[in-house]
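Enquirer: Quick one: the structure is below, questions incoming.
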Amino acid sequence: MKKEFKLAVLPGDGIGPEIMAEAMKVLDAVEQKFQVRFERQFANVGGAAIDRDGKALPDATVEICQASDAILFGSVGGPKWDTLPAEERPERGALLPLRRIFGLFCNLRPAIVFPALTSASSLKEEVIAGGFDILVVRELTGGIYFAQPKGVEGEGGERRGFDTMAYTDAEVERITRVAFDAARKRGKKLVSIDKANVLSTSVLWREVVERVSADYPDVVLSHMYVDNAAMQLVKAPKQFDVLLCPNMFGDILSDEAAMLTGSLGMLPSASLAEGSFGMYEPAGGSAPDIAGKNIANPVAQILSAAMLLRYSCGLADAADAVEKAVENCLAAGLRTGDIYQDADGEQLVSTSAMGDAVVAELIKS
């Protein structure tokens, strides 16, 4: 089994550098505990890269990523760069090109409510008692966001805006197999999201998903219209295990599912290419208002590193250990400000203290 890995580390803007520092501590501990090695190359991205190199994704950063087994990404953006043209701002100028260059067609967004944090959710306790763990599998490079033609035509009050929604058999089959593989390793339940009652692309989507399901007889497949799925996520989220979504539907539902957990600071994500390459990042933003104050929640960045261990390095045992260490810290009452409720048994801790606690749990496990 491979024991050495090359990682491109892109801390970015806002809280990115400080939460990334905690993820680096955790990877140090993984090296020690599991006898592996991570060669880490740090590179600029986002606003930090604009300030230094003139663009959000410098060529040097791309080269470092191309020479790596995976990318661990922090966060980008902030009001400092909001006056730039939209395509030059940190978010669009860095993330979209990275997805295109590396063929990142699949987005995995876990939405996890840990048993110790059910009170932080916006849902009633009886709806989420014991917590839940949902994985949203979103197709990332097709659908209405990318298909052509699109644009605005005409003048004055007669203008017309238009977009095209399109999927091919191959695009749907590729993402469907990722979702079935994930479901097979989890609760063996897959819900495919579409709008097949009105959209031709969804008719194709459903037909392909049904065809692929024959290769996964151990996974229970069901279909759900996207409007019903949005309602069911709020009404009874524990019914779901893996959700398979086209691009736009996954964009919306993954954010909805994420907010049910109480804080974006808890949630990781992975964007995967074919093979083992992927980019891993927190689901939240750069939070420039709290940057540098040592109060940001590093858990999403740490869990993103755990996803990197699982999907790009094949180190499932290490990933499990990191995730369990995080769960143990939360069960012990440790809370950063975003999830602190001043309840009995809770202890307010800093960014660095939370990282140190996860490392301590990991080492002793």
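Placement of Cβ uses the backbone N, Cα and C atoms for every residue, glycine included.
The following feature annotations were taken from Swiss-Prot:
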type    : residues              : note
BINDING : 78-91, 285-297        : NAD(+) binding site
BINDING : R99, R109, R138, D227 : substrate binding site
BINDING : D227, D251, D255      : Mg(2+) binding site
SITE    : Y145                  : site 'Important for catalysis'
SITE    : K195                  : site 'Important for catalysis'
Enquirer: Closest of the recorded positions to A86 (NAD(+) binding site), Cα to Cα, picking from R138, K195, D251, D255?
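Expert: When the Cα distances are compared, D251 comes out closest.
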Enquirer: Compile a sequence-ordered list of residues in the same chain as A291 (NAD(+) binding site), six or more apart from it, whose Cβ lies below 8 A from its Cβ; state 'none' when nothing qualifies.
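Expert: Those within reach of A291 (NAD(+) binding site), by Cβ under 8 Å and sequence separation of 6 or more, are D13, G14, I15, E18.
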Enquirer: Can you name every residue in this chain, apart from D227, D251, D255, with its Cβ inside 8 Å of the center of the Cβ atoms of the recorded Mg(2+) site?
Expert: V226, A230, M248, F249, G250, I252, L253, S254, E256
Enquirer: Sorted by position, what residues of the same chain at least six away from K195 (site 'Important for catalysis') have a C-beta under 8 A from it?
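Expert: K195 (site 'Important for catalysis') has long-range Cβ partners S202, Y225, V226, D227, F249.
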Enquirer: Which one of the binding-site residues (R99, R109, R138) has its C-beta surrounded by the most other C-beta atoms within 10 angstroms?
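Expert: Neighbour-count leader: R138.
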Enquirer: Based on Cβ atoms within 10 Å, give me the single least packed residue among the binding-site residues G78, P90.
Expert: G78
Enquirer: Measure from the CA atom of D255 (Mg(2+) binding site) to the CA atom of R109 (substrate binding site) and give the result in Å, rounded to a whole number.
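Expert: It is 9 Å, counting Cα to Cα.
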Enquirer: Counting other Cβ atoms within 10 Å of each residue's Cβ, which of the binding-site residues D82, D251 comes out lowest?
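Expert: Minimum Cβ neighbour count within 10 Å, taken over the binding-site residues D82, D251, occurs at D82.
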Enquirer: Max CA to CA distance in Å over the substrate-binding set R99, R109, R138, D227?
Expert: 28
Enquirer: Where does P90 (NAD(+) binding site) sit in DSSP terms: helix, strand, or coil?
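Expert: Once the DSSP labels are grouped into three classes, P90 (NAD(+) binding site) ends up as helix.
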Enquirer: Which Cβ among the binding-site residues (A86, A287, I295) has the fewest C-beta neighbours inside 10 Å?
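Expert: Least crowded of the binding-site residues A86, A287, I295, by Cβ count within 10 Å, is A86.
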Enquirer: What are the non-local neighbours of D255 (Mg(2+) binding site), defined as same-chain residues 6+ apart in sequence with CB under 8 A from its CB?
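Expert: Spatial neighbours, sequence-distant, of D255 (Mg(2+) binding site): none.
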Enquirer: Which one is closest to D251 (Mg(2+) binding site) in space, judged by CA to CA distance, out of the recorded positions P90, R99, Y145, A287, I295?
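Expert: Looking at Cα distances from D251 (Mg(2+) binding site), the smallest one goes to Y145.
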Enquirer: Quick check: of the binding-site residues listed here (G78, D82, P90, A287, I295), which one has the Cα closest to that of R138 (substrate binding site)?
Expert: P90
